[in-house]
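Asks: One structure is given below, represented as structure tokens, and several questions about it will come after.
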């Protein structure tokens, strides 16, 4: 496979520049016959989750295609699902650059992107043009300048706009790069948000005559007490699924490595064990009443199987995809 050569060239570039260049090329081919260049045949291995049938258990995690620009090209690589976003009601530039860093020796990434995106209306227009035949998840968040106490309004605005076009909606309350966002994971703030989201979901179901499941994406840095509380809230509010996990603030496994001191969320292999442990504990708390989508450091078939053994129904990749490329998709789907 050609990817090791592509990676070598891309890794000569600044990480965000490499991402932009790759997406430039994918945008050129998406929806054209040139998509054949990235198309991979993978076996069909249907999995039912949140009332939806996924053609295979592997998805692309949110954050790579924030604006839904390359849905068809990414879909052609063999993913059973794509989660686009995180998208916010209004466009925003995100944090200052540089804001994305490779930890090459650890096969990890640190990002402090800050929900840079072109806004929900732009994403919806891109989704309308796409022909992906898998499940499309749309991950939503709040604008940086929206006060946390009004944060739920941003989620409701996005829900309303994406509902008709989403296979499922992911609620991102766990990015470490939007000030105060993670406080929405706790106590009354979480209950208040989930009540509003569930009410909005019911209203939108009546309007659109279809039920779009909602999953909440959580952080890996929850203590035992917080994790029990989150699981309890998700069950009480009849949320449809949970995505575990987002990036970590923990640097214990990357001490002394180049870029390890950068602020932001750490993903990739250093997150693998931590996210798997959260999935295992969540699974014990949820007792099969709510499905888990496992994400965090999956870079091999074994790592994907570990997430499923811990209690995940579906798995997603992001950093592993950056380091291993499209062959990782085929490998995981074939052998999982």
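Yeah, the Cβs are placed from backbone N, Cα and C, and that goes for glycine too.
Dumping what Swiss-Prot says about this protein:
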type	residues	note
ACT_SITE	175	active site, nucleophile
BINDING	62, 63, 64, 65, 66, 86, 139, 172, 217, 245, 268, 297, 318, 319	FMN binding site
BINDING	66, 111, 112, 113, 114, 115, 172, 177, 246, 247	substrate binding site
Asks: Between residue 268 (FMN binding site) and residue 246 (substrate binding site), how far is it from one CA atom to the other, in Å?
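Replies: Between the Cα atoms of residue 268 (FMN binding site) and residue 246 (substrate binding site), the distance comes to 11 Å.
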Asks: Based on Cα distances to residue 114 (substrate binding site), point out the closest of the recorded positions 139, 175, 217, 318.
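Replies: Of the recorded positions 139, 175, 217, 318, 175 has its Cα closest to that of residue 114 (substrate binding site).
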Asks: Cα within 10 Å of residue 139 (FMN binding site): which of the binding-site residues 112, 172, 246 qualify?
Replies: 172
Asks: Report, in whole Å, the straight Cα-to-Cα distance of residue 318 (FMN binding site) from the residue listed as 'active site, nucleophile'.
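Replies: It is 15 Å, counting Cα to Cα.
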Asks: Which ones are near residue 318 (FMN binding site): of the binding-site residues 112, 172, 246, which have a Cα within 10 Å?
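Replies: Passing the 10 Å Cα cut: none.
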Asks: Ten-angstrom check, please: count other Cβ atoms within 10 Å of the Cβ of residue 62 (FMN binding site), all chains counted.
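Replies: Summing over all protein chains shown, residue 62 (FMN binding site) has 27 other Cβ atoms within 10 Å.
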Asks: Pop the Cα-Cα gap between residue 217 (FMN binding site) and residue 172 (substrate binding site) into the table, whole Å please.
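Replies: Rounded to the nearest whole number, the Cα-Cα distance is 5 Å.
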